[in-house]
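Undergrad: In case it helps, TrEMBL gives these features for our protein:
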- A:12-76: domain 'MrpA C-terminal/MbhD' (DOMAIN)
- A:29-47: transmembrane segment (TRANSMEM)
- A:54-72: transmembrane segment (TRANSMEM)
Amino acid sequence: MSAVLIVVALTLVAVGATAVVFTPEPARQAVTLSVFGILLTLLFFVLQAPDVALSQLVVGTALVPLMVMLTVHKINQRHR
Amino acid sequence: MRIFAYAVAGWLVLVGAMGILRSRNLIQATVSLSVAQSGTYVLLLAIGYQWEGRAPVFSPGSTPTSDVVDPVVQAMALTDIVVSATVTALLLALTIQIEKTHHTVDPDKLQQLKG
Amino acid sequence: MSRRARLLVFALGAAGLAVMFAFAVAGMPPFGTSEHPYRDLAVPAALQHRTANVVSSVNFDQRALDTLGEEVILLSSVIGTAALLRPTRRESRRPATRGGRVSDSTTLLSYLLLPVTVLIGLDVVVHGHLTPGGGFQGGVVLATAVHLLYLAGRYESLQRLRPLSWYVWTEGLSAASFAVLGLVGLALGSGFLANIAPLGSFQSLLSAGTVPILNIVTGAAVAGGGVVLLAQFFAQAIGTTQLPTRRSTS
């Protein structure tokens, strides 16, 4: 059972990473990065690492995408 | 299954590096770098995993056992995540600063500027 | 270098890396092995110091020196970002741009969520030695919670709740107290960052000696640093009349 969960979570993470890298626009990348963060969180839970999962959730799903979004906003503002 | 987890970790590093290479925007390069770094989290946790192992946290009410997954690699992955966030913050700040002085965030155009 | 040439160089490098990585993986223990020599040392060491969360024990007791290094990395990155994003004189005169209108329900929800999120953050920090979590995770939750006020469309009240100099001082002093706690251990003859506080009883709130103390100190440092970091980016993206760095650090 856990083997199936791990394979599914790993596959989702691999697909998610590819999606983030091939997202053309930085503004959309902030969103895909956030989704990728959730997928990593799931994987870490399945791998019995709740501490790491919690860390990934707050940093990778909230903090980093927020900083990316604010940077995109700042740069688009100046190019209008 | 024996190596699938390691392969995924390697793929994350590789696809992240590819993202840095093909980026036309420094923000994209930064995001790709954080994807590449997440490969190291997966690698660390894959090394420490044990089939049917429990989480190395004996919350109140549970009895301690030695059949847990490796806590040392988890502590390292935790440090890794925090460091990755600080690196991303610094690189994004640099991107904003570069845009202010050079009015572009395209790495190719920045290279032309230097001549 | 043209894009084509760059792609070729990358392909060569990536192929080389893939081959070496494959060799390395072939020599590694298989995924899910039951042989974990570090685990066999770390778990008894954590139990000896009555720490229920072994990961916290590794971070704040067995490898506490590395965590001090991590705090210094965090501190330098916050200082670096603040220095890079210091507003220019022209920018600082620009009035704050108004965001879109925010519905009343969003405002209400954000106000309700703020205390809840702060409580969750504190809970994660304080129970770091018992349950998953700790100073780093809780600190980030706290830093993000403060910025829910932005979601509420109240950037002005966010600025009132956020006299940035407080957070700058919190970050600096907490990181310093981490080092001071280490020196106390040295002065008592146990060694730098040794677990010197009374160990208490296993799985209770007062247990694990210095681990919860270091967790709280780290939580304060991360929360302070996180707020300062996010404030710099918000100031850039939204443009404010307040000078976040210049006034607070001088």
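Cβ atoms are placed via backbone N, Cα and C, with glycine included.
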Undergrad: Same chain, outside the transmembrane segment (A:29-47) by at least 6, Cβ under 8 Å from its Cβ: which residues?
TA: 2, 5-6, 9-10, 12-13, 16-17, 19-20, 23, 53, 56-57, 59-62, 64-66, 68-69, 72
Undergrad: So what's the average pLDDT for the domain 'MrpA C-terminal/MbhD' (A:12-76)?
TA: 92
Undergrad: Under the DSSP assignment, what numbers of helix, strand and coil residues are found in the domain 'MrpA C-terminal/MbhD' (A:12-76)?
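TA: Residue counts in helix, strand and coil order: 58 helix, 0 strand, 7 coil.
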